[in-house]
Amino acid sequence: MKVKQVILRHIKMRLKFVFTTSFGSFLDKEFLLLEAKDENGLSGWGESVAFHSPWYNEETIKTNWHILEDFLIPSVLNREIEHPDEISQIFSNIRKNNMAKSTIEGAVWDLYAKQKGVSLANALGGTKKEIEVGISIGIQKNVDELLHLIEKYVKDGYKRIKVKIKPGWDVEVMREIRKHFPNVPLMADANSAYRLDDVDRLKALDEFDLMMIEQPLASDDIVDHAKLQKQILTPVCLDESIHSYEDARKAIELGSLKIINIKIGRVGGLTEAKRIHDLCEKHNIPVWCGGMLESGIGRAHNIALTTLSNFVLPGDTAASSRYWEKDVITPEVTVHHGVITVPDKPGIGYEPNLEVIQQLTINEKSFSS
Ligand SMILES: O=C(O)CCC(=O)C1=CC=C[C@@H](O)[C@@H]1C(=O)O
Ligand SMILES: [Mg+2]
């Protein structure tokens, strides 16, 4: 297969809720969408999950645009590609920039599956026809608002509730949640808000029978997480610390984690995500698919990946309507009692809505050889 044309679009979408991060809060989420066309005009789609500011990792929309325009797109355009697994090899001389790499690699995977006439799930080796999903709730103004949201999503049937924690918004909040929801599958995401010195505070969370605590310590650490895991009962799940198969291998060997949150963009694409999945399966480490507030394009890739056998825990792939008044795909992603039915159409299985995408586009550029 050859990619004859790439269209890179920078779009902006208004979220239905304010998303709070260490950089502050935002209501508009910006994305890059990448369309890769073959000689017959067939299109594969990928999405950059980089944020506007470098709070989650070092990548941003602007760094992704630069790396894609100046390095990644030129190295893929008009090149004979037998299988999308080759992309990570083509990019091997480019350091890091995983979210940029994942954007074009995902589009090539989608194009490859469409050319073969199979779903992306099938092309990846996934077999599940339905996937169970959970919901991730950001830090709220007060506990009552948080409890109200949990009640709504439990009623919607989401299979697990993920809440963000940080020092001062953790033990007491979890106690309140457990008072109202003693049995709901519950997990916490700390986004590196703690230090190893906070071990007593983190041990106190053992009282609440959490499924896991996600990324409690530094975003580039696997050593202190190994020390922490030996001191707490709650399973440690790593997100930001795991950028590759090698990171996962070392973290498993050190005992730094018991669960991995796989995010396609963070690890550089679907091929690496699948390698990490397979490694974890071999070591009985369950995985789940994390979210990055994706549009429907990225959401579709997450659904396809989650059909692989070791994705045994509910992920963050909620319904389009949780985030967007109108998503950029038809049909939108819907969730029924916490379950998504996996589309079996060729590729990502959802049709990009070009009219909506054009309305949301704030910049675009076409590249062809
Ligand atoms: O996409 C979703 O609904 C989940 C988003 C989410 O929980 C996160 C996205 C990005 C960084 C964090 O805030 C958190 C995470 O770390 O998983
Ligand atoms: Mg996380």
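Using the three backbone atoms N, Cα and C, a Cβ is placed for every residue, glycine included.
Checking the candidates ASP189, ASP197, ASP198, ASP278 against TrEMBL: the one annotated together with GLU214, ASP239 at the Mg(2+) site is ASP189. Between the alpha carbons (Cα) of ASP189 (Mg(2+) binding site) and LYS263 (active site, proton acceptor) lies a span of roughly 14 Å.
The recorded positions near ligand 2, defined by a Cβ under 6 Å from one of its atoms, are GLU214, chosen from LYS164, GLU214, LYS263. Each of the binding-site residues ASP189, GLU214, ASP239 was assessed for Cβ neighbours inside 10 Å, and the highest tally belongs to GLU214. Candidate recorded positions: GLU214, ASP239, LYS263. Nearest to LYS164 (active site, proton donor) by Cα distance: GLU214.
In terms of DSSP helix, strand and coil, the domain 'Mandelate racemase/muconate lactonizing enzyme C-terminal' (143-235) has 44 helix, 12 strand, 37 coil.
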